[in-house]
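Right, one structure below, let's go through it.
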Ligand code: SF4
Ligand code: SF4
């Protein structure tokens with residue numbers, strides 16, 4: 001059956017009308033900033049303190065756009081009679097973002113968590129040479145790196161945190177034992193000289209009063 005005359009025009013007008021009444025998806029950038037996912041690949045930040053100059057990132061970069069210079073330094077032995085050690089000191093770390101293809105391989109392979117993605121993307125330049133970001137600029141990008149997502153409830157504590165907590169607990173226990181030993185020595189010395197033993201800080205007058213009644217000093221009851 002031949003199409004009804006003018007049906008094509010009506011169909012076209014219906015499409016136009018539908019599109020006109022639909023919400024627009026146009027982003028009014030730069031007046032309105034786009035809402036990017038926090039893990040967007042905008043620019044790479046360098047956390048220099050973590051970098052050991054192992055060169056893995058520069059070696060694995062498919063574009064060869066990471067430039068690293070370093071020199072060796074001798075570190076004196078930690079204990080007398082120990083061996084001197086040598087370590088790499090970073091002289092230059094730069095990424096040429098005019099060559100970078102944002103593959104993220106450098107971030108993946110860094111064994112020391114020294115490289116991170118930042119969602120910042122507004123660093124266009126009129127001179128292509130300015131797209132090579134040196135270490136100071138790469139460090140500045142670190143301020144724009146979002147916090148890592150929270151752990152799942154019930155997830156295992158990260159190894160680094162567990163190790164730090166264990167060390168802190170050990171130090172606290174060691175300090176408490178030292179204080180206890182000091183107190184015991186003082187008490188023994190006081191008993192030997194016939195003086196009353198020194199009171200522990202939480203038994204001092206003012207908190208509970210010298211006669212055992214509640215004191216009126218700060219922290220006591222009024
Ligand atoms: S993101 Fe890829 S291309 Fe860019 S510096 Fe890292 S490894 Fe090289
Ligand atoms: S892989 Fe990481 S630690 Fe090694 S040189 Fe690159 S940024 Fe530094």
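Each position is counted from 1, following the chain as shown.
Just so you know, glycine gets a Cβ as well, placed from its N, Cα and C.
These features come from TrEMBL:
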type	residues	note
BINDING	51, 54, 57, 110	[4Fe-4S] cluster 1 binding site
BINDING	61, 100, 103, 106	[4Fe-4S] cluster 2 binding site
COMPBIAS	156-169	compositional bias 'Basic and acidic residues'
DOMAIN	42-71	domain '4Fe-4S ferredoxin-type'
DOMAIN	91-120	domain '4Fe-4S ferredoxin-type'
REGION	148-222	region 'Disordered'
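This view paints the features noted in TrEMBL onto the structure.
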residue	record	Cβ contacts under 8 Å, 6 or more apart
51	[4Fe-4S] cluster 1 binding site	90, 93, 112, 114
54	[4Fe-4S] cluster 1 binding site	111, 112
57	[4Fe-4S] cluster 1 binding site	66, 68, 105, 106, 107, 109, 110, 115
61	[4Fe-4S] cluster 2 binding site	105, 106
100	[4Fe-4S] cluster 2 binding site	44, 63, 65
103	[4Fe-4S] cluster 2 binding site	62
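Across the compositional bias 'Basic and acidic residues' (156-169), the DSSP tally of helix, strand and coil residues reads 11 helix, 0 strand, 3 coil. Helix, strand and coil residue tallies for the domain '4Fe-4S ferredoxin-type' (42-71), in that order: 8 helix, 10 strand, 12 coil [DSSP].
Taking the mean position of the Cβ atoms of 51, 54, 57, 110 as the [4Fe-4S] cluster 1 site, the remaining residues of that chain whose Cβ falls within 8 Å of it are 52, 53, 55, 56, 58, 106, 109, 111, 112, 114, 115.
Listed binding-site residues: 51, 57, 100, 110. Those with a CB atom under 6 Å from ligand 2: 51, 57, 110. Around the Cβ of residue 110 ([4Fe-4S] cluster 1 binding site), 20 further Cβ atoms fall within 10 Å across all displayed protein chains. Within 10 Å of the C-beta atom of residue 106 ([4Fe-4S] cluster 2 binding site) sit 22 other C-beta atoms, taking all shown protein chains into account.
Those same-chain residues not listed among 61, 100, 103, 106 yet with C-beta within 8 angstroms of the centroid of the [4Fe-4S] cluster 2 site C-beta atoms are 44, 57, 60, 62, 63, 65, 66, 95, 101, 102, 104, 105. The domain '4Fe-4S ferredoxin-type' (91-120): residue composition by secondary structure is 5 helix, 10 strand, 15 coil, according to DSSP.
Proximity of the binding-site residues 54, 61, 103, 106, 110 to ligand 1, judged by a Cβ distance under 6 angstroms to any of its atoms, singles out 61, 103, 106 in sequence order. On the 0 to 100 pLDDT scale, the domain '4Fe-4S ferredoxin-type' (91-120) averages 96 in this prediction.
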